[in-house]
Amino acid sequence: MTTTSSHASTVPPQPWPAPRAGAPLRAEVTVPASKSLTNRYLLLAALAQGPSVVINPLHSRDSQLMLAALEQLGAAVEHIQDWEHSGVAAVRISPIPNLDEPTPGAEATEPRIDCGLAGTVMRFLPAVAALTGQRVHFDGDPGARARPMGAVLHALRDLGVEVTGDGAPEHGEEGCLPFTIQAPTGITGDAITMDASASSQFVSGLMLAAARMPHGLTLRHAGDAVPSLEHVEMTCKVLSQVGIEVSYPALHTWKVEPGPIESFTVRVEPDLSNAGPFLCAAAVTGGEVSMRGWPKHSTQIGRRWTELLPAFGASVTEHPETDATVTLSVRGGSLRSPGTVDGTAELTPTVAALAALCTEPTRFTSVGHLRGHETDRIAALVTEIRRLGGTAEETADGFEVLSPVSHGGLVHTYADHRMATFAAVLGLVVDAVEVQDISATSKTMPDFPALWAGMIDRTPDGQP
Ligand SMILES: O=C(O)C1=C[C@@H](OP(=O)(O)O)[C@@H](O)[C@H](O)C1
Ligand SMILES: C=C(OP(=O)(O)O)C(=O)O
């Protein structure tokens, strides 16, 4: 296993005192690149015809795990500090060799993929591993073993792949990490039906590798609604960006044509989900936070901040910047709850921080699948809101925040980056909030403490 874990140490983390904003925050901030886009581009580069360049990739635990895994599967990775003197970093990926004629057993060692706690690694790479013909072992953090994987493993079995070690067929349970993948005779099927109601990543993971399957893939979803459909939309868009044909032959059905993937050069957008805590800082302190480089059109679910923040009483303005981007400014107004928020997916913990500061209740619906995220986020959010004196209840498909938090305390983080940033937002306006393990943010934003402090320090007029 690699040692990228921020939780590998047995020394308990020091609580992080969340900085309190003494007055409305006024700052311009920049956030690192999108995790979801970075890991999709890195994976597709490893399946391409020749070397590809990903400019402005995310550097975080999840992207390091993706890179390390792709290297183990045979891709070569070169880090470029200053891409074409632009001052921006890049990574050049040379693809996994011999994918068209995989030779089982040709590799001397059997790759061992460390998924950490990254959904994009554990759900996206099994299909890639199957394409190599090698015997590949997958495992991850203790928390990763609790995350649902069954639909991906069933789908791979349906495509002729051998999956062992997950315990699922013997026990009739959903599969989970650890497991071993091998497709000694290649991928034989071309169509699958899966239940992707527990994670959109089940769909994305199969689609991302599908162009390199001998017959492409038709994937049909059967079951309750697929959550976070924006992420499937992102997958389709990224696939078409690199020249892969995707169509929609029927409802809840996606078809990926087989074919080569041309080399590509692409620049990654900032992470609009990770922008959330910074934008919410304006909303909760009644200040103004601006972000340059906000994409005018994005498949990221974080584009929804432009509707969510006004629903909580903030105003959002877009200032022209380039053909592709605007500067987004959020100005806090008087915080109020919209009553219900639906399908907020990975934005939920951050939206919950807003809800936990409103006097009116907020009901979160269609987010039941958050129980299979980095932690059971429904239970975690309800527990931590109660710990700080608020009232919250779990519901069948989400939770309700019934009364606001009233005092500080030590917020538990459950190795979840978004629980850490949830607490940081509350700490801006609630005295004595401490974050149990701020290093959880290294999953997608290792610089979070410095960026957060920078936002507060840049506020003029004698801020803390
Ligand atoms: O495809 C992706 O990059 C993601 C899909 C979503 O997963 P779920 O559908 O499991 O929520 C999201 O929550 C996750 O952070 C990233
Ligand atoms: C659910 C998340 O991550 P993952 O990609 O590990 O599923 C998240 O980042 O909120």
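Each residue, glycine too, has its Cβ placed from N, Cα and C.
Curation plays no part in TrEMBL annotations; they are all automatic predictions.
Given the ranges 1-22, 155-176, 397-418, the record in TrEMBL names 1-22 as region 'Disordered'. Site annotation for 3-phosphoshikimate in TrEMBL covers LYS35, SER36, ARG40, SER199, SER200, GLN201, GLU346, HIS373, and the matching candidate from SER52, SER228, SER329, SER334 is SER228. Note: the CA-CA distance between ARG418 (phosphoenolpyruvate binding site) and GLU346 (active site, proton acceptor) rounds to 8 Å. Checking the binding-site residues GLY119, HIS373, LYS443 against ligand 2, the ones whose Cβ sits under 6 Å from it are GLY119, HIS373. Among the binding-site residues ARG40, SER200, GLN201, ARG377, residues whose Cβ is positioned under 6 Å from ligand 1 are identified as SER200, GLN201. Rounded to a whole value, the Cα-Cα separation of LYS35 (phosphoenolpyruvate binding site) and GLU346 (active site, proton acceptor) is 12 Å. Maximum C-alpha to C-alpha distance over the listed 3-phosphoshikimate-binding residues LYS35, SER36, ARG40, SER199, SER200, GLN201, SER228, GLU346, HIS373 is 19 Å.
The two recorded residues, LYS443 (phosphoenolpyruvate binding site) and HIS373 (3-phosphoshikimate binding site), have Cα atoms 13 Å apart.
Within the set of binding-site residues SER200, SER228, HIS373, the entry lying nearest in space to ARG147 (phosphoenolpyruvate binding site) is HIS373 (CA atoms). In the structure as shown, the Cβ atom of ARG147 (phosphoenolpyruvate binding site) sits within 10 Å of 24 other Cβ atoms.
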